[in-house]
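Trainee: What follows is a single structure, and I will ask about it in a moment.
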Amino acid sequence: MADQFYRDTWAEINLDAIAYNIQQIKRKLPRYSDIMAVVKANAYGHGAVDVAKEAISAGAGMLAVALLEEAEELRDAGIEVPILVFGRVSPRDVPIAVERDITLTFFQADWLREVKQLQLSQPVSLHMKWDTGMGRVGLRTEEELLAILGELEDQHAATLTGLYTHFATADEADLSYFHMQYRRFEDLLKLFKRYWDQPVVIHTGNSAASIRFPEEMQHYIRFGISLYGLYPSTVVKNEREIDLQPAFSLHTRLIHVKKIEAGESVSYGATYTAEREEWIGTIPIGYADGWTRKLQGIDVLVDGKRMPTVGRVCMDQTMIRLDKEYPVGTKVTLIGKQVEEEIEADELASWLDTINYEIPCMISARVPRIYTRR
Ligand SMILES: *Cc1c(COP(=O)(O)O)cnc(C)c1O
């Protein structure tokens, strides 16, 4: 992406909101719990480096990403706090992690055996992942745990620095599966402690678990969606356990305004036809910006009021039905606040039949991110 941009469409990232959300969760956590700011996927579309720096200065002691290249980006930006990679990194890339002081996740005895074949300048720092019911990655049985601990005894290639698990239903109303996972975790932990007496950090909770069960959290929480000011689910939102400020907003400007007559149509397929004389505005955002075609018909904010988008979303442009004539250059807000009105990421998520996590992630890299403070 070019450093300069000329277009009238941008996402604003309010860094003060990032700091605010960290302060809100910190107030709820026990004193020994630290925050791992989850900045995978370019900080859920907010911009990894800027968000990571803000999170650290607001008190997060560690960062987490999904990929080794995401961790490298943070190191390249001069960030020095510990970074954990959640995903599986191929053994052949472990020397990169050692060189850049990046902690990796592992869960397979075979993976450890391959790493032990490498000539590493220092042991790689590892967090062991336990699958207690998420069914994604992680060791599942006591046999697997014992096999891995056997491989770990010789620590010249690898140092076990942490262990963790991930909950599948921490954001739901029915918490029985969550409690089952917790018991499974505690059973494995008991066994682990019988064979391992060196210190490790433990972390289990994502945003939902840490907001709902702060007193159950161990050394770290893995704070993702709520770092960005969004609630993990409507259940958690309605419980009002924490006040959050959304960091992400999306804006554009009218680039064309015209009057059309009754019977005239707008955009591809001529799917929208005016019933009377109408003012139609054009905004320079489309599906190539992640403003997906399925958003046809959703409201945007102009002059502090809701106005519907009309006709098909094009690759680079979308049309709006205005309540009157506005000058070219008038600001249009697609996500966020204008005066008293607000369009939340949650509204787009429910329109698209998805979760709010997907909304900032889907706004493509073609939309510049501007960092602000309130
Ligand atoms: C993405 C992720 C998180 C963050 O979850 P949120 O619900 O966004 O807080 C935590 N842990 C793991 C393993 C993840 O992959």
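In case you wondered, yes, glycine gets a Cβ from its N, Cα and C as well.
According to TrEMBL, the protein carries these features:
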type	residues	note
ACT_SITE	Lys40	active site, proton acceptor
ACT_SITE	Tyr268	active site, proton acceptor
BINDING	Arg136, Met315	substrate binding site
DOMAIN	247-372	domain 'Alanine racemase C-terminal'
MOD_RES	Lys40	N6-(pyridoxal phosphate)lysine
Trainee: Using Cα coordinates, what distance in whole Å links Lys40 (active site, proton acceptor) and Met315 (substrate binding site)?
Mentor: 27
Trainee: Based on Cβ atoms within 10 Å, give me the single least packed residue among the recorded positions Lys40, Arg136.
Mentor: Arg136
Trainee: Which whole-number value in Å describes the distance between the Cα atoms of Tyr268 (active site, proton acceptor) and Arg136 (substrate binding site)?
Mentor: 42
Trainee: Measure from the Cβ of Met315 (substrate binding site) and count the other Cβ atoms within 10 Å, all protein chains considered.
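Mentor: Excluding its own Cβ, the number within 10 Å is 11.
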Trainee: Under DSSP, the domain 'Alanine racemase C-terminal' (247-372) has how many residues in helix, strand and coil?
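Mentor: Summed by class, the stretch gives 21 helix, 51 strand, 54 coil.
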Trainee: Looking only at Cβ atoms, how many others are within 10 Å of the one on Tyr268 (active site, proton acceptor)?
Mentor: 12
Trainee: Under DSSP, is Arg136 (substrate binding site) part of a helix or a strand, or is it coil?
Mentor: coil
Trainee: What three-state class does DSSP give Lys40 (active site, proton acceptor)?
Mentor: helix
